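Summarising the annotation, TrEMBL assigns signal peptide to 1-16. Look at TrEMBL and you will find 132-155 tagged as domain 'Glucose-methanol-choline oxidoreductase N-terminal'. Marked as FAD binding site by TrEMBL: Val134, Val271. The active site, proton donor feature in TrEMBL is assigned to His553. Per TrEMBL, active site, proton acceptor is recorded for His597.
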Amino acid sequence: MRWVFVIILSLCVSYASEVSQIFDFWTNLFRPLPRNPKEGFVPDYTPKYLEQFDFIIIGAGSAGCVLANRLTEVHDWKVLVLEAGGNENFFSDVPIFAPFLSLTPLNWGYNSEPEQKACRDLRGNVCFMPRGKVLGGSSVLNFLIYQRGHPEDYNDWARMGNEGWSYSEILPYFKKSENIQINELKNSSYHGKGGYLDIDYASFSSPLQTAFKHAGEELGFEWNDPNGENVIGFSKPQATIRKGRRCSTSKAFLEPVRFRQNLKVSKYSTVMKILIDPYTKKAYGVDFVKGNKRRRVIARREVILSAGTIGSAQILMLSGVGPADHLTEMGIKTLADLPVGYNLQDHVTFSGNAFIVNDSKLCVNDLRAASPLAAAAYLAGKGPLTLPGGATGLAFARTSYAADLSEGRPDMELVMGAGSLAGDFLGILRSLLGITDKWYWKMYGSLPMEVRQRTFSMNPVLIRPRSVGRLMLRSANFSDHPRIHPNYFHHPDDLSALREGLRLVEKVISTKAFQRFATRIHNVPFPGCEHYKFDSDDYWECAIMQTSITLDHQVGTCKMGPSGDRTAVVSPRLLVHGVQGLRIADASIIPRIPASHTLAPVVMIAEKAADLIKEDWGRYPFL
């Protein structure tokens, strides 16, 4: 059966565009009627050659959908959105299926270059880097967690010379987009009501979540709102969920306005480059491919790049905006010499640990998730399938490596999962992480199937990394994926801090709250680390480098900074330095990665960008 799955998956990857369009066909036929009357399928539009628009948005992802909505509020602005993917589908609606989605054509399929200190025991010694190729972008692939970071993260941006980006100035944009559904938070001054993006808890809870809460209290942590006054503490994950289903930015922002006469969305449209006049240095259009045909559209006012940290940097460089020496090496004429692709930052997490309890009802493995009972509960918006990526608990804490941060700022996150890699009977998690069957059976083969069904995970996440990577072109061909060098653990403090995060996990598991369930770690050594004493510092550092993976929070490749900042690509108004009519609004502009899950800040960036555009073109913004 497993081989059948692998063969089907291989065909999906080989014929990604065709399979995606088949997904669109079947989704249109069989997707249940939307529970919200504002939801529905976005019509596909194919522009005429040289057709003109006021604004062309590249990418209908986490930011692009927000921009499409807000810019078409101005009725005499004609807006085109170019998206390389197609519709979401039935499976992408199911929150716990998030890991599976990265194995489908909804994912661009990026991989890092081989890493020296991370992903060492994964297939090809590379880190898989899923990015959304679908309406809604990575808000369709992510694990749905809505968490903004600490206020000082954004005050840091302002201190770097980015006027208008302090926490007090951007909090209204977080609240503008939000429609908080959690009763106890509806009157919070930190949350918004009536926005497009629903934020809620999963309806499913397990005794492990209660144990997590009590364990935090035993260790002196509050059970709190991590998007509120204090970030440090333990909590239930807030997620982009609407009545038990994923609420992507496409569902939230694009679908409700899909029939606006001034909005056109062209699906399956892969951008080749942005057209920039070499004399005036003004962006005036976009070349793209759709249906195996090269097409061109013209922008009367601006081209807005919202293709994400990887896509935006690649498209800029293909268009002649980037480091001159690198572009010359690729045979591309330099139109603006800017440090595109530098400043790549990401959150890295250690995966692979499994914790065993005394009752399988406490955990959720893939067999339980695939059961008829779970499916029936999901149809009512309940049950384990509503868990955001399987996450049941979040905690934010400080390690000893956070001494340079002000009080109250975390550098470590713990994510508790309802299941673990040991319970990955169908191989979906293995495929997502890049773990080989050989590694899996060597690690977990000694556990009987019954024991593997009663395991859960608790993974530390480094949310204040010091290591910085770089993205480079592989060639001048737009269809070639770029070369991604994350440089995980290049700074030695990152490895040490994550090891300390593992020690915090051990403290949590050792509390009375978890020992009530006889919780213990699966103590078979990680392959490749057997020569170290189990549970020693050296052992954990080895294990971290073997199977640590990205949390898919890549940011920073088109850094925001004032005109005097030689490391910056865009201004605080998100305009590309030295190029007219070209703006970037997505995670790539983030100058320093916040201690957050990145969907929330990306939506905020898009909300603020829309107002900046309206201001710059003499239209009163509606905050």
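Note that Cβ sites are derived from N, Cα and C of the backbone, with glycine treated the same way.
TrEMBL annotations: computationally assigned, not manually curated.
Sequence-distant contacts of His553 (active site, proton donor), defined as residues of its own chain at least six apart whose C-beta falls under 8 angstroms from its C-beta, comprise Asp346, His347, Ala587, Ile593, His597, Thr598.
Per-site Cβ counts within 10 Å over the binding-site residues Val134, Val271 peak at Val134. The DSSP breakdown of the domain 'Glucose-methanol-choline oxidoreductase N-terminal' (132-155), given as helix, strand and coil counts, is 9 helix, 3 strand, 12 coil. Mean model confidence for the domain 'Glucose-methanol-choline oxidoreductase N-terminal' (132-155) is a pLDDT of 97.
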